[in-house]
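*Asks:* One structure follows; several queries about it will come next.
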Amino acid sequence: MSGLRVYSTSVTGSREIKSQQSEVTRILDGKRIQYQLVDISQDNALRDEMRTLAGNPKATPPQIVNGDHYCGDYELFVEAVEQNTLQEFLKLA
């Protein structure tokens, strides 16, 4: 797969995960950065793919990947936004 992908889930009881997913997509949309939203709740293989790319068997959404390169999770994303290094974080620069 190529391009920027945000792994998310449409089925979660966690308000924190919902809020984090929403913030990531809101920021990307606001900066007009194109990405594909990958819903891991539709297929266990997608969840496994996300965890393999993240290098963490317990990783939870949102996770951000560009091509086959893992960018990071929500905390790293927010840190990049705050430090104005989002392009580098997303491996777009």
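The count begins at 1 with the first shown residue.
Glycine is treated like the rest: Cβ placed from N, Cα and C.
These came from Swiss-Prot, pasted as-is:
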- 2-93: domain 'Glutaredoxin' (DOMAIN)
- S2: N-acetylserine (MOD_RES)
- T9: O-linked glycosylation site (CARBOHYD)
*Asks:* Going by DSSP assignments with H, G and I as helix and E and B as strand, what are the residue counts for the domain 'Glutaredoxin' (2-93)?
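*Replies:* Across the domain 'Glutaredoxin' (2-93), DSSP assigns the residues as follows: 43 helix, 18 strand, 31 coil.
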*Asks:* For a quick check of packing: other C-beta atoms within 10 Å of the C-beta of T9 (O-linked glycosylation site), how many?
*Replies:* 20
